[in-house]
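Written out below as structure tokens is the structure these notes cover.
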């Protein structure tokens, strides 16, 4: 670390999609506070402009509550970290604007954080697994990745829509509402008949758009019970991801697997991964529910790791990056 033995204290801001969060964490892994507020659309899916309006509205309260719960002021933190991407442009701008304001007003360094990498780092911290293969699944992301030669390398990802988006869209179209994943899974557990649906794995990548289209068509045709369509959809979608994860373990020779991201709360996916990992004699870690979805603490902790190794950005250069990939980011705080 560039700052000796003292653990650095960083305030982190998350606003990439439907959640606005503020966390405070140290570079040694202490999570001091984690306060989040989630936008829930009244109808349909997430609308970026509405989500951004929500973030702007709740930001002062969330920030104030986080500081109060942690018992500190902005003056007492060493830096301000913010998720600059990937994510929805209007939402990202809310968090970036607040972070820039705090950095300038209180004279604090500004630390750019990749949202996806923050999911990986908070899961490393909370599971205690040092060098796993990650299955990162959320509404906006689906990838299998692991650390290699200074970066997180992608060993498989969706070629079109993310898994979470696939299930959320299906749920919305059939009237189950938002969030869709738990509601689809609830009906899937009542399914009795598996109906073959498109299973699309291309090399190490997956495709969910065709699966979604066929599942919706099947339901609308009236030829199958909704419970059976949900069961078939979940079974197919998750099995594709498990196949890619197993290939990544085989290719890298690693024995640890971590499930992270919002869909990490899925008991069905967890059980499928657990059986696969146990068959290989490996170890499965799962990020705790409070850190599975988007949250401010993961930005604060990852920001603290980055800042302790000299990462910072001038305010005038802190542009949002809606399509920022994990493999574009050098990871100076990891040697292996």
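Any Cβ shown, glycine's included, is placed from N, Cα and C.
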Which of 160, 168 belongs with 136, 137, 138, 139, 140, 185, 266 in the substrate site listed by Swiss-Prot:
168
Figure out which of 294, 327 sits with 115, 119, 136 in the Fe cation site per Swiss-Prot.
294
Using DSSP, would you call residue 137 (substrate binding site) helix, strand or coil?
strand
Just give me the nearest neighbour of residue 185 (substrate binding site) among the binding-site residues 115, 119, 136, 294, Cα to Cα.
136
Across all protein chains in the structure, which of the binding-site residues 139, 140 has the highest Cβ count within 10 Å?
139
Between residue 139 (substrate binding site) and residue 294 (Fe cation binding site), how many Å separate their Cα atoms?
10
Express the distance between the Cα positions of residue 294 (Fe cation binding site) and residue 138 (substrate binding site) as a whole number of Å.
9
